[in-house]
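S.K.: I have a structure I would like to understand better, so I am pasting it below and will then ask my questions one at a time.
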Amino acid sequence: MTIHIGARPDQIAETVLMPGDPYRARWAAQTFLDGAELVNEVRGMLGFTGTYKGNRVTIQGSGMGMPSLSIYANELISSYNAQTLIRIGSCGGMQPHVAVRDVIIAMSATTITSPSSGIFREVNFAPTAHYDLLAAAVTAAKAKGTRTHVGGIYSSDVFYAERPDLDEQMVRHGILGVEMEAAELYTLAARHNRRALAILTVSDHLQTGEALPAEDREQTFGDMVEIALEAAFA
């Protein structure tokens, strides 16, 4: 048990999926896991452990933003020995060829700042995914026939941005989408020699203004969860 996770050490699997939304964690566990049991509800941040095709997996909510994710990822790694951490969540599309409902598999995550920024000082550390997980996710996405993009994303530290020039530079440099957590997850995984990946569903588009209707989100997000689970145990 930690400050933010109330589970016993034996209740958390070595493979953890991390949606930001705790209700999405509950939905994913009920939909895709066998024998899912609630293992955490501290501060309403729900976590469940069950099995997927015989493999033990935990789905733990992480909240919004890098500071929140950093708390849960740190505790999962240091106190529960999590070895594989996969963020599953939504993002905003940034490139014209990236459409709402598409899935982005994040090869790298650019950020201006993160909870780890103070460690690097003048160094611009490049947070990247674990290659084996990345390759397995691409294979799983192709097998499902899911429209998928692989490349860099932008992890912002604000949701209501006041710097449109930053978005312009991200688009100019080929960034596929924007979210708020992956850069810190990749940094922590590198520091602790763990496997990490972010798989994201494009729920809205910054250029077109298109947004995914609420009734379509469940099925679209389901593709993302299945890709993550298949990649984790490939």
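From the backbone N, Cα and C atoms, a Cβ is placed for every residue, glycine too.
Dumping what Swiss-Prot says about this protein:
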type	residues	note
BINDING	His4, Glu162, Glu179, Met180, Glu181, Ser203, Asp204	purine D-ribonucleoside binding site
BINDING	Gly20, Arg24, Arg43, Arg87, Ile88, Gly89, Ser90	phosphate binding site
ACT_SITE	Asp204	active site, proton donor
SITE	Arg217	site 'Important for catalytic activity'
S.K.: Could you state the whole-number distance in Å separating the C-alpha atoms of Ile88 (phosphate binding site) and Asp204 (purine D-ribonucleoside binding site)?
M.R.: 16
S.K.: Where does Gly20 (phosphate binding site) sit by DSSP, helix, strand or coil?
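M.R.: Once the DSSP labels are grouped into three classes, Gly20 (phosphate binding site) ends up as coil.
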S.K.: Provide, as an integer number of angstrom, the distance between the C-alpha atoms of Glu162 (purine D-ribonucleoside binding site) and Ser90 (phosphate binding site).
M.R.: 21
S.K.: Any idea of the Cα spread of the purine D-ribonucleoside site, His4, Glu162, Glu179, Met180, Glu181, Ser203, Asp204, as a max distance in Å?
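M.R.: So the binding residues stretch over 31 Å, Cα to Cα.
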S.K.: What does the structure give for the C-alpha distance between Asp204 (purine D-ribonucleoside binding site) and Arg217 (site 'Important for catalytic activity')? Integer Å is fine.
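M.R.: Checking the Cα atoms of Asp204 (purine D-ribonucleoside binding site) and Arg217 (site 'Important for catalytic activity') gives a distance of 11 Å.
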S.K.: Mind giving me a neighbour count for Glu179 (purine D-ribonucleoside binding site)? Other Cβ atoms within 10 Å of its Cβ, every protein chain shown.
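M.R.: Other Cβ atoms within 10 Å of Glu179 (purine D-ribonucleoside binding site): 26.
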S.K.: Find the shortest Cα-Cα separation between His4 (purine D-ribonucleoside binding site) and the recorded positions Gly20, Arg43, Arg87, Gly89, Arg217, and name the residue that gives it.
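M.R.: For His4 (purine D-ribonucleoside binding site), the closest Cα among Gly20, Arg43, Arg87, Gly89, Arg217 is found at Arg43.
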